[in-house]
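Trainee: What follows is a single structure, and I will ask about it in a moment.
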Amino acid sequence: MELLIDNRQDRYEITDALIELINKAVEACLIYEGWEIDYEVSLSFVDNQEIQALNHTYRGKDYATDVLSFPLIEENQGLDLEEKLLGDIVISVEKAAEQAKEYNHSFEREMGFLVVHSMFHLMGYDHDHDEATADMRKREEAVLTAINLLR
């Protein structure tokens with residue numbers, strides 16, 4: 001598994017320990033779904049201003065969000081087994097820090113959750129209705145528990 005990291009913010013330190021945790025989270029998602037772990041995922045760390053611009057451009061929503069997912073798997077297309085790049089994850093580190101404080105858990109737990117959440121989007125899951133949301137939450141909690149990233 002290769003994680004291609006682009007840190008485009010300078011407000012928060014992205015430590016080696018955090019990168020190790022993120023790698024573990026990405027691999028745990030693939031393993032949970034029974035996928036091989038030889039995929040590439042692009043992960044960009046940005047600030048609220050940049051993610052707001054991306055959110056506006058790609059989703060028509062003019063506010064900062066925590067994470068954006070850009071899967072290379074088209075809906076209902078399935079995975080091309082020859083394609084090894086799953087897609088791109090963009091995380092607002094600034095928003096993650098705000099949410100960690102708001103939810104009263106660690107920054108690492110919030111970053112891990114956002115990566116896991118986004119990975120399931122890259123793997124074709126969504127939360128566009130109640131049943132899909134419940135299914136996605138179940139998967140997220142299972143992976144977070146497996147890597148001991150509890151609330």
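Cβ coordinates come from backbone N, Cα and C, glycine included.
Because the structure is a prediction, the values reported are computed rather than measured.
From Swiss-Prot, for reference:
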type    : residues               : note
BINDING : His117, His121, His127 : Zn(2+) binding site
Trainee: Let me spell it out: for each of the binding-site residues (His117, His121, His127), count the other Cβ atoms within 10 Å of that residue's Cβ, using every protein chain shown. Which one has the most?
Mentor: His117
Trainee: List, in sequence order, the residues of the same chain other than His117, His121, His127 whose Cβ lies within 8 Å of the centroid of the Cβ atoms of the recorded Zn(2+) site.
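Mentor: Other same-chain residues near the Zn(2+) site: Ser69, Ser118, Phe120, Tyr125, Asp126, Met136, Glu140.
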